[in-house]
Amino acid sequence: WEFNGSFYQPSAFLMMGIPGLEALHHWISIPFCALYLIALSGNCMILFIIKKTQSLHEPMYYFLSMLAVTDLGLVLCTLPTTLGIFWFNMRRIGFDACLTQMYFIHILSFIESSVLLAMAFDRFIAISHPLRHPSILTKTTVIKIGLAILLRGMVSLLPVPFLLKRLTYCGKTELSHSFCFHPDIMKLACADIKVNVFYGMIILLSTVGMDFIFIVLSYILIFKTIISLATKEECLKALNTCVSHICAVLVFFIPMIGLSMIHRFGKNVPPLLYTLVAYTYLIIPPALNPIIYSIKSSQIREALLRALQRKSE
């Protein structure tokens, strides 16, 4: 412990793998390695294809590039500590290192939420106002949206590490996951955490909560437009352009909402379920998003096939 008057701060925290299955960590690491490999290779492939294919240089795929970069960041944030526990039982993480990891995990989660909102806005404009789409979402506008998303995440979460650093910690230093999470660290403090709870709730509702509401509103307007289309073929064609994004939204928001509810209200939830929801939230979306877009987007699929054919030649 580091002692400063009546102020106690741990020099390190102890991370947790999968509770009750510690003896099987080496075997459990195999599916985790597979998911990390899929996430890394899939998102890098998406970025490579979009960069090399001129026909994909449009707003929808620029936003998809932002999503892929964000997913890569989430993977790289959690991979070292997760595999460190499974392979080498390296549970210890320094206090400042833990706060740094937590900050970037939350920033990237908030950025992913905002990018999904931007993609919903792009789909709304493309379907409801197709003729105005190129003039509304220009390349400059997309860059400005991307910078605004990044700035919003960084600024809104900047106070969080300092709010945790001011707390006095005592007793348990064992975290619930193989990565650092704000509610998880906060619960280890033996000081008044009302400010942390209030600020965390306000930021979550004003960012991710508002993003989700606006995504739902966007799709209500999109479906109203689709229903008004003349033929069934036009309806299906318009709806098909949204399927990938709807899947990405569900894959991201369902585990995130579940984890937030468990942290705040799930006092009697089994630790194993708690851990599995956390891993689902941070590892499954980065692995599934490239697969979803590769399967559902004919343009990405065709560009990928062309790239593979060139390599085989």
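Cβ from N, Cα, C; glycine included.
As the structure is a computational prediction, the values presented were derived from the model and not from experiment.
Straight from TrEMBL, the features:
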DOMAIN    42-293  domain 'G-protein coupled receptors family 1 profile'
TRANSMEM  24-50  transmembrane segment
TRANSMEM  62-88  transmembrane segment
TRANSMEM  100-121  transmembrane segment
TRANSMEM  142-164  transmembrane segment
TRANSMEM  197-222  transmembrane segment
TRANSMEM  243-266  transmembrane segment
TRANSMEM  272-292  transmembrane segment
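The stretches the transmembrane segment (24-50) and the transmembrane segment (272-292) meet in space: the count of Cβ pairs below 8 angstroms, excluding pairs fewer than 6 apart in sequence, reaches at least three.
Within the chain, the transmembrane segment (197-222) has long-range Cβ neighbours (under 8 A, six or more residues past its boundaries) at 109-110, 113-114, 116-117, 120-121, 123-124, 127-128, 152-153, 156-157, 159-160, 163, 182-183, 186, 238, 242, 246, 249, 253, 256, 260. Here the transmembrane segment (142-164) lies next to the transmembrane segment (62-88) in space: the count of CB pairs under 8 Å, restricted to residues six or more apart, reaches at least 3. In the predicted structure, the domain 'G-protein coupled receptors family 1 profile' (42-293) carries a mean pLDDT of 90.
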